[in-house]
Each structure stands twice: as structure tokens, then as C-alpha cells.
Amino acid sequence: MTQGTAQVLAGPPAAAALLDEARRRAARLPHPPHLALVRVGEDPASVSYVRGKAKKASEVGLSSHVHALPGDTTQADLLALIGTLNADPAVSGILVQLPLPAHLDPAPVLLAVHPAKDVDGLHPANTGALWNAHEGLRPCTPAGIMALLAHHGVPVRGARVVVVGRSALVGRPVAGLLLNADATVTLAHRATPDLGAVTRGADILIVAAGQAHLITPDMVRPGATVVDVGINRVPTEDGKGRLTGDVHPDVAHVAGALTPVPGGVGPMTVAQLLMNTVIAAERQHAQTEVTGELVR
Ligand SMILES: NC(=O)C1=CN([C@@H]2O[C@H](COP(=O)(O)OP(=O)(O)OC[C@H]3O[C@@H](n4cnc5c(N)ncnc54)[C@H](OP(=O)(O)O)[C@@H]3O)[C@@H](O)[C@H]2O)C=CC1
Ligand SMILES: Nc1nc(=O)c2c([nH]1)NC[C@@H]1CN(c3ccc(C(=O)N[C@@H](CCC(=O)O)C(=O)O)cc3)C=[N+]21
């Protein structure tokens, strides 16, 4: 049997287009949008992601500040910082990097971020808006996936889409965005019987399970578009480890198109965060023009 190789849906060129738009729109505002990045503790992945976000922010002309809190920060102290950032008119967007240390409860923290500054799109006001197709800030990875599909010309309207994973950060919101874009959406999770039978029904398969190589070639419809959201660190001989996705590399012989890891969804997440910061700043500016102040 001759096997094909899937088209690579590369993240960097699609992210560059999004970053260009963010840069252009930021330059039209009277002040550069400001992103407050809140990190608690020293989780190495979080340290590296937050550093990457701050670096990209400066590249598109946004200002940013990393609020690095010690690992033993109390819930009250974290909420107090968010309150200060909410009240500061110079702050356009606030991102609290997840996961938080185990002694902190993320739900009240996400609730505390003002919805107009919630550039992660995780406040219930924004998730509710998404599910009802109302205006709001959209979560970065899901919105980044939509931008990646659009950039590469993958049609969503009418497509049968299967999303593996139902987290608040990825699975649920990407399903909502796809539904809003007129896809027929199925959500699968650990209690889904015969996962392969479900995923084989997908024209577009989105995998956000956090399980290295969960999706094997037999689980993919020939010619399908596969979006691999998973970021799994696997050990290597040199001890440094390497990143791999939730999709087995051999899926490239079955799929029509496939996002790589790294270099697929990851760069879109960061670009969309900066786009969201610009959108938040634009809306705050428009509101200030009308009312003379930011309504809270
Ligand atoms: N590239 C990027 O920008 C980003 C990448 N990620 C990565 O994406 C992955 C998912 O992240 P996140 O959504 O936060 O993870 P969570 O662990 O919060 O959620 C994982 C979901 O996958 C489901 N799942 C896990 N194993 C299976 C299985 N064997 N069969 C079916 N469903 C399964 C779980 O089901 P159940 O609900 O039943 O437990 C759950 O709904 C991770 O690797 C993460 O690192 C995350 C954010 C951004
Ligand atoms: N409040 C919150 N919002 C998030 O958006 C959020 C979060 N918490 N916690 C963790 C996850 C994970 N996440 C990623 C961001 C960038 C890459 C990324 O840039 N990845 C590169 C590789 C990076 C590398 O080499 O380490 C790539 O895939 O090419 C990956 C993952 C955002 N998350």
C-alpha cells in the first residue's frame, strides 16, 4: 500500500499573521496595550511559558509585566493583586498562569479577574458568552486553533468535528467556537466507549487529552484534518526531554492535514493571547471615549 503524507498545518506562519494584525491594531491606540502576567511559584513549564508570552508581547509593541509571586502565596494575597490590576486603568489584560499550586483554588481566582480584562477568556461571563455566541473574549488556545484552520483554508462550516477532551481550557471552548462556526460537534472523554469508532467519524479531529500518542492511525478517517493540542514531555537519552503530541506520528500517513508538535497550536496560543490583549484595550478605549471612565 502506498502511504501519503499529510499536509503540515504549521503554526508559525499563521501566528505571524495574527501577530502582525495585533501589532497594527495596537499601534492605532493612544497607549500601548498592557498585559499583566501573574505566575505563582516556580513550575518550570509555567516559568518558560510566561517568559515566552512577555517576550512576544514586546515584539508586537505591547507592554507587559510578570507578577511572579512566591509558591506559598495565600489565596487572599493573590485575590488582592488581581483586585489592584482590575482597578488600574493602565492594565488592559490579566492572565493568571495555570496550574496554580495545589493549596490555591483556581475557580475564585478566575472569577476575580474583571471580564473585560480576562484575556484568557476563562471567566464565566466570557465562557457563557461563547456558548451563547455573544461577544466576549475567547480562550486563547481554542481561538488560536480557529485562526490556524482559517489560515490554512480548512473549511469548518458543515464539517463533522470530534473533540477529544472536555477541559475548561481547551476541549469545551473549542467545541463552542466550532459550533458557532456551523460545525457538527461531538465531545469525547474518558467515559466515551470505543473512542476510535467516534474519532473515525471526524472530518476534523481535535485532540486535547494530554496523553502522548493516544490517537493512532486506525482511529483516523483517511484524509481527515487532525489538530494535535497535546504537549507531552517525553524523556530522551540526553536527559533534556522532548515535546510530543497526543497524536502518533504514523497518523501523518492517513490524515489529509496535521498540526505538528511543537510548531502547531502552541505558537497560536501565544499569538491569540496578544490579540486578545489588543481587543480588550480597544474595547476599554471605546468605552472610555463614551463614558469618560471604564465601567466596572
Ligand atoms: N498547545 C497549547 O497551546 C496548549 C496545550 N495544552 C495541552 O493540551 C493537553 C490537554 O490540556 P487540558 O485540556 O488542559 O488537559 P486536562 O487534563 O484538563 O483535560 C484532558 C481531557 O482529556 C480527556 N482524556 C484524557 N485521556 C483520555 C483518554 N484516554 N480517552 C479519552 N479522553 C481522554 C479527559 O477526559 P475526562 O474529562 O473524562 O477526564 C479530559 O477531558 C495537554 O497536553 C496540555 O499540555 C493545553 C493548553 C494549551
Ligand atoms: N491561564 C493559562 N492560559 C494558558 O493558555 C495556559 C495555561 N494557563 N497553562 C498551561 C497551558 C499550556 N499553554 C501553552 C502555551 C504555549 C505553548 C507553546 O508555545 N508551545 C511551543 C513549544 C514550546 C517549547 O518548546 O517548550 C510549540 O508547541 O511549538 C504551549 C502551551 C498555555 N496554557
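Each Cβ is built from the backbone N, Cα and C atoms, and glycine gets one as well.
Predicted automatically and left uncurated, TrEMBL annotations should be read as such.
Residues annotated as domain 'Tetrahydrofolate dehydrogenase/cyclohydrolase catalytic' in TrEMBL: 11-120. Residues annotated as domain 'Tetrahydrofolate dehydrogenase/cyclohydrolase NAD(P)-binding' in TrEMBL: 139-284. Annotation comment: TrEMBL describes GLY165, ARG166, SER167, ILE231 as NADP(+) binding site.
Mean model confidence for the domain 'Tetrahydrofolate dehydrogenase/cyclohydrolase NAD(P)-binding' (139-284) is a pLDDT of 98. Proximity of the binding-site residues ARG166, SER167, ILE231 to ligand 2, judged by a Cβ distance under 6 angstroms to any of its atoms, singles out ILE231 in sequence order. Burial estimate for the binding-site residues (GLY165, ARG166, ILE231): highest at GLY165, by number of other CB atoms within 10 Å.
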